[in-house]
Amino acid sequence: MNAFWIILTGSLVATCCSLLGCYLILRRMAMVGDAISHAVLPGIVIAFLFTGSRDSIPMIIGAGLLGVLTTFLIEFFHRYARVQADASIGITFTWLFAIGIILISVFAGQVDLDQDCVLYGEIAYVPLDLWLTEDGLSYGPQTIWTLGFVTILIIAFITFGYKELFLTAFDPGYAAVIGISTTLWYYLLMTAVSLTTVASFESVGAILVVAFLVGPPATAYLLTDNFKTMLIFSVIIGIVASIVGYYLAYWLDGSIAGAIATVTGIQFTLAFLFSPTHGLLLKNRKTMAV
Amino acid sequence: MQEFLEFFSFADANIRYVTIGSVLLASSSAVVGCFSLLRKRALVGDAVAHAVLPGVCLAFIVSGTKNPLILLLGAFITGWISLVLIDYITSRSRIKEDTAIGLVLSVFFGIGILLLTSIQHSGNAAQSGLDKFLFGKAASLVGEDLIVFGAVAILLLITTILFYKELKLLCFDETFAKSIGFPVRSLELLLTTLTVFAVVVGIQAVGVVLMAAMLITPAAAARFWTERLGVMLVLAAVIGAFSGISGAFVSYTAPAMPTGPWIVLIVSMVAILSFAFAPKRGWVARMLRRRHNKIQILEENLLKLFYQLGEQHEDYFSNRTLDNILTRRNIPKSQALAGLAKLKRQGYIQRHPDGWALTREGEIRGKRVVRLHRLWELYLTQYLQLASDHVHEDAETIEHIITPELEQKLMEELNYPALDPHHTRIP
């Protein structure tokens, strides 16, 4: 049963992240996703200080705000202070992450958080934290409920906003002409990324979020030229990574999040070498045949 | 104050170690970071920092010891591989650089975490402390570490100084460097190696996540204060050293405080202040300059209007009412009034009961703007063969920018003309 809960958690995170990641990598913003996943730390800590618990909702709000703030700061430094785009990403997230760690140290007595937990989480504890009702009924692990809710939210966001997200990513000029606000959808996408990060940080940590945001979409990108297919492929790839990763970790007796990230790397390598359309080896053979 | 003196007397050997260590690490990575920043590869350092972890773990698994030299070697190898992989992925597939960086970063780190936890669970007692690579422990630097890291940091600085000219050319004009026979490939390799070294060493102070800041942030801050690479390198090193000392000081006065994050926090504050207030490139300076330009353009446009009104009847010093002025050009009323008030204070116009009139100085300045406008129109039609009805817009902008030297040059080029393309007189 534990294996089932852990793999389910991994798959839920994989679904959210892979879907959003497809947009991020096509917008060339993969590193913004990385930045947000680290920069939400002070938001989590502040929410923790205000409520004194690991309640999901205040944390999601706190971290969501920080995520939007991160995006805004990156834009601000880049556009108004003319800092190079990549430098502005690096400076913003390290700064916010440092603030987060300092906050943790200042309130060490009151905050039951530490930075390793934020970085690589502990998915193995998911089944332990059950949601129990007053009469002792168990509804399964809490994390599953939070993540399930976020996953539904993200899927709804992508389904209903499909046209807007698609146009603002691929043809911002046309989007603006037919009256879709590029800025609004940009910030909505970033809010969704922060939401996902926060919902998954406790269980899988920032690193796995980045691995899922970038890995499966990049692999899918090498396998197909159709955007809808890419979305579906990346979700499947993410779920497969969760399953294989779990057993790899079990075998090596190591961190599950680390193992899943490793598997996404292996998947990418396979696609990089053997993809029928864009793979290194098969592409070469095709040109040789011609 | 007591603590301040105690700290800066450096009497305590421990304080000495921590401070010297932090300063060396921070300033050497800042210097190398300048080159990564200028080559627009700021985030590569982040990837290397994460990729170091599996190397450290593998080195430990293979050697079974925590000898800093062996761990550094392992870290160096995987850090280096990660950079090569990023280049390879971007050049051999349609994956973009940011995706490649994110991918390499998370996968290498994932492998590292997997190995690290696997080692920790194996029950090997020697492993404890291996995870300090993750978060950095500047405050617990001891003599032996310090010698190794200090040596690497100094080596980095010396290499940078020795290859200063070559690296400079690589950053600013790679094509030229290639054409005059510089070994560009080897230089790139050298820079990669320097970056990996800087990261491997710097991680000791601030940990994996914050390492990117040690490379980029001082460099980005220094970039705002100067246009010269030499000055930028020195400034970045000074900013790095300053935050190193401050971080060590903070964790000395409050021992619960982590040194690394404080170093990063301080260096970020320096950077943000630089972005805002640096002369010339800073945000405030640019805002002021833009406002100043806007005001100057408004004033010159107003004086030009006075002059053009005067031209109609060869009568430059009569009164003009506000309506008079605004019929020729659509300036918002409040702006126009503010501009007129300013011009009056500067003595270019005089207030009369029913309007304003040019003074002698105002007439000269207005005349000059009109002359520049018409000279430029003529220049465009004669030298760029533009139609005479296409040149007005361009002249509207340039008339506020042309310097007296340029004006002289234009006059010479155009052979001291009398008429503009619309056959009006050039005053």
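Each residue, glycine too, has its Cβ placed from N, Cα and C.
All TrEMBL annotations are machine predictions without curation.
Under the heading transmembrane segment, TrEMBL lists B:15-38, B:43-63, B:69-88, B:100-119, B:146-164, B:233-254, B:260-279. Residues or ranges marked as domain 'Iron dependent repressor metal binding and dimerisation' in TrEMBL: B:359-427.
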Per the 3+ Cβ pairs under 8 Å rule, pairs at least 6 apart in sequence, do the transmembrane segment (B:146-164) and the transmembrane segment (B:15-38) touch? yes
Selection from B:15-38, B:43-63, B:233-254, B:260-279, the stretch that has most Cβ pairs under 8 A to the transmembrane segment (B:100-119): B:43-63
The transmembrane segment (B:69-88) vs the transmembrane segment (B:43-63): 3 or more CB pairs under 8 Å: yes
Grab the same-chain neighbours of the transmembrane segment (B:260-279) for me: Cβ-Cβ under 8 Å, and only residues 6 or more beyond its ends, written as numbers and ranges. 22, 26, 135-136, 138, 205-207, 210, 213-214, 217-218, 220-222, 224-225, 239-240, 242-244, 246-247, 250-251, 285
Give me the mean pLDDT over the domain 'Iron dependent repressor metal binding and dimerisation' (B:359-427), rounded to a whole number. 82
Helix, strand and coil totals (DSSP H, G, I; E, B; other) for the domain 'Iron dependent repressor metal binding and dimerisation' (B:359-427): 44 helix, 2 strand, 23 coil
